[in-house]
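Asks: TrEMBL lists these features:
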type	residues	note
DOMAIN	1-436	domain 'Major facilitator superfamily (MFS) profile'
TRANSMEM	66-87	transmembrane segment
TRANSMEM	93-116	transmembrane segment
TRANSMEM	128-147	transmembrane segment
TRANSMEM	153-174	transmembrane segment
COILED	187-214	coiled coil
TRANSMEM	281-304	transmembrane segment
TRANSMEM	311-335	transmembrane segment
TRANSMEM	341-367	transmembrane segment
TRANSMEM	414-432	transmembrane segment
Amino acid sequence: MAPRLRRRPATDVAVMSGAQIFMAEDLGVSDTQIELLSGAINIYSLVGALLAGWTSDRLGRRLTIVLTNGFFLVGPLIMTLAGGYTALMAGRFISGIGVGYALVIAPIYAAEIAPASSRGLLSSLPEIFINTGVMLSYVSNFAFSALPAHLAWRLMFAAGVVPTVFLAAGVLTMPESPRWLAMKGRLDEAKAVLDRTSDTLAEAEQRLREIEEVVDAGSNGAGGSNGGGGTWNEVATKAGVRRVLATVLALQFFQQASGIDSVVLYGPRVLAMAGVTSNTLLLGLNVLFGVAKAGSILIAMALADRVGRRPLLLVSTGGMTASLLVLGSVFAAFAGAKDDAAVAAVAVAAVVAFVCTFSVGFGPMAWVYSSEILPLRLRGQGAGLGTAMNRVMSGIVTMTFISLYGAITMAGAFYLYAAVAAASFVFIYTCLPETRGRNLEDMEQLFRTK
């Protein structure tokens, strides 16, 4: 039972792609202010990401989700009622904390609650909700685009409160993570949850024994999961732990540095420069991108436990590289073209290919893989560090995209992202072992972190 929590980070990011058009008209905000407002949520999310590991280890995974929901309720309401740039930034700050919390706790909870046989599928569910959130945000942008500017962008943000209501209802039926319960010595409760979430009672018994062994090893080792000092002591003294943490940080770096959030946030601007001139058509194409992303993640969900994480990551990064090269070449060869339907069509096809190949592998699998390989005693804090890296890179990408293409041209920007995607392919091919079908407790042996 994976949480629907990560739909909210998606709506916070994707709504800006359409709202920025009307905010600029209504409030007169500049390109620089739009750039900062769009990217600042990723920097603010560092606060949530760095607190989430501590919170989830002490209060539990479930209560952390409840806390996250509160941020997601307050942030959009502030933005909806904002009368100027300062209030908008305050709303982005509150939402940003929620984004950081969500990106840490959702993959941890999904990985810890799921049996090994379906962990890839269930751990991919947060990503399907991200893509569903993106799609619904694009739909709401399109639906409200015919309204006056001062109403359009406010209703776009107000619509983001709706998923929060559904999440609040969903949390009531969610059990606590059995691994967190075992860490706290609440073995009877952990066993009850495992009985509900395992394929058989025998499997539940086996999972409980494996969890107990890891908890015992952690409590007798470098400080367990409750002490931050223990975490850093293990990083300093154990090569396997350093390898795991480096892998998590590298995956999160490459996922965002390849430019996905530039396309999610600035898709209408990119296509406008490729020759699409109608605002209505631009927002309609955004809906197409959202549908393509959501559909592609279904492929990842179907294949994650059949073919494994590594093949999906390789196919994804290879496809991303190719589509970014095509998109860059469109701008390099036809930079001066205006109202050329063929050029615009190729650009649209390249963007669709990019978001599809991202969502079929790198989008969900970076989170699935990262949450799988972290040892239980380090999972909360390690996931927080990985999410911090993800948000820093997303912030850098989104806060510099307009300036970047202004400095090196739109073609140069996409060629740069293609180079990063190619480097991520090499990293995955040379450094990442397959984790499909392994229990979370087996990762200790795979990466030799004991």
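Glycine residues also receive a Cβ, built from the backbone N, Cα and C atoms like all the rest.
Predicted, not measured: the structure shown is a model, and the values here were computed from it.
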Asks: Report, as numbers and ranges, every residue of the chain located at least six residues beyond the transmembrane segment (281-304) whose Cβ falls under 8 Å of a Cβ in that stretch; write 'none' if there are none.
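Replies: That would be 14, 17-18, 120-121, 123-125, 127-128, 131-132, 134-139, 141-142, 145, 263, 267-268, 271-272, 312, 348, 351-352, 355-361, 363-365, 368, 436.
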Asks: Which bits of the chain, at least 6 residues beyond where the transmembrane segment (341-367) starts or stops, bring a Cβ under 8 A of a Cβ in it?
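Replies: Same-chain contacts beyond the ends: 103, 106-107, 123-124, 126-128, 130-131, 251-252, 254-255, 258, 260, 263-264, 267, 270-271, 274-276, 285, 288-289, 292-297, 299-301, 304, 309, 312-320, 322-324, 326-327, 330-331, 334, 424.
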Asks: What stretch of 93-116, 153-174, 414-432 shows the most Cβ pairs under 8 Å to the transmembrane segment (128-147)?
Replies: 153-174
Asks: Against which stretches of its own chain does the transmembrane segment (66-87) lie, if we need a Cβ under 8 Å and a gap of at least six residues from its ends?
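Replies: For the transmembrane segment (66-87), the nonlocal Cβ contacts are 5, 8, 12, 27, 29, 33, 37, 48, 52, 55, 59, 93-98, 101-102, 105, 154-155, 157-158, 160-161, 163-164, 167-168, 171.
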Asks: What parts of the chain pack near the transmembrane segment (414-432), using Cβ distances under 8 Å and only residues at least 6 beyond its ends?
Replies: 247, 250, 254-255, 257-259, 262, 309-310, 313-314, 317-318, 320-321, 324-325, 327-328, 331-332, 362, 369, 404, 408
Asks: Grab the pLDDT values for the coiled coil (187-214) and give me their mean, rounded.
Replies: 87
